[in-house]
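Novice: Provided herewith is a single structure, encoded as structure tokens, for subsequent inquiry.
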Amino acid sequence: MIPAYLQPASITTARLFYGLGTVGLGIQHFIYSAFRPVILPAWPQWMQTPVFAYLTGAAMIAAGVLILLDRNTKTISLLLGGFLLFCFLFIQLPFTLFIQPNSPAHLGLWTDPLKELALSGGAFVMAGIAGGTTGLATLAKLIPLGKYFFATTLLLFGIDHFLYTEFVASLVPAWVPDHTFWANLAGVALIGTGTAIFLKIKRRKIVLLASAMLFLWLILLHIPRAIADPNGAKGNEITSVFEALAFSGIALGIAVMKKQVMNNSMITITSSKAVVIN
């Protein structure tokens, strides 16, 4: 449990991590003149143009900057969460299930869709820890689900560590001994965190530890890999840096989210307009 006097700083840190991650992903749309696979796969074909990529990148940069600056954060986060959830439900899911040529039974194929689900959940978490009100009543109802979107990704990524142990172990820095042990331990930690969120088992303490773990992975794993190979697979290692930073912020946001927001979105109707109150 985070002490009360540290909660404002923790909320700010969560917002900064998520906002920076969003800005970074948006910038990559301009660098490569194409969608990041975590946002949009190679389908539908008519959207695979630089113009659509630039528009999406600009929107993500704007949203990330506003979240960073804490300007109308609740509404901006809800819009971002809704956009990412739409892409997950109506583009990533159909592509993975029916369009791409491989069997969707392979969990590894779900990496990008699950990351987008987590980022969507993270946006709803940011909305949940933000002050102020919003008129987006329908999207606000999704705030309590944000943590479960994130937990789903953690849980399935943890299973990935055991299905693809050899590959995951290859990502562990060379100077760390016994790569397989650390790959398996990380898998247990991810599964445990996802389970704790769903079952409400010491949820705040565990997601706080998960936030620290994800931040350590950012420093020890993702940043060195990005420095070593900044342009491979169109900057995929740099993408992983921004994702890990955002995920650490999401976990921290869940740890500091108020209990009443965690369980319901506290929607109040005022003058025929719905607002959400922290």
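Glycine too: its Cβ is placed from the backbone N, Cα and C atoms.
Feature table excerpt (TrEMBL):
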type: TRANSMEM; residues: 12-31; note: transmembrane segment
type: TRANSMEM; residues: 51-69; note: transmembrane segment
type: TRANSMEM; residues: 76-97; note: transmembrane segment
type: TRANSMEM; residues: 117-137; note: transmembrane segment
type: TRANSMEM; residues: 149-175; note: transmembrane segment
type: TRANSMEM; residues: 181-199; note: transmembrane segment
type: TRANSMEM; residues: 206-227; note: transmembrane segment
type: TRANSMEM; residues: 239-257; note: transmembrane segment
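Any idea what these are sitting next to in the structure?
Specialist: Residues of the same chain lying 6 or more positions beyond the ends of the transmembrane segment (76-97) and with a Cβ under 8 Å from any Cβ of it are 22, 39-44, 59-60, 63, 66-67, 104, 109-110, 112-113, 116-117, 119-124, 126-127, 130, 134, 136, 139-140, 142-143, 146, 149.
Note on the transmembrane segment (239-257): residues 2, 7, 10-11, 13-22, 24-25, 28, 36, 38, 115, 118-119, 121-122, 125-126, 128-129, 147, 150, 193, 197, 203-205, 207-208, 210-212, 214-215, 217-218, 221-223, 225-226 of its chain, located 6 or more positions outside it, place their CB under 8 angstroms from a CB of the stretch.
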Novice: Among 51-69, 117-137, 149-175, which stretch has the highest count of C-beta pairs below 8 Å with the transmembrane segment (206-227)?
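Specialist: Checked against 51-69, 117-137, 149-175; highest Cβ contact count belongs to 149-175.
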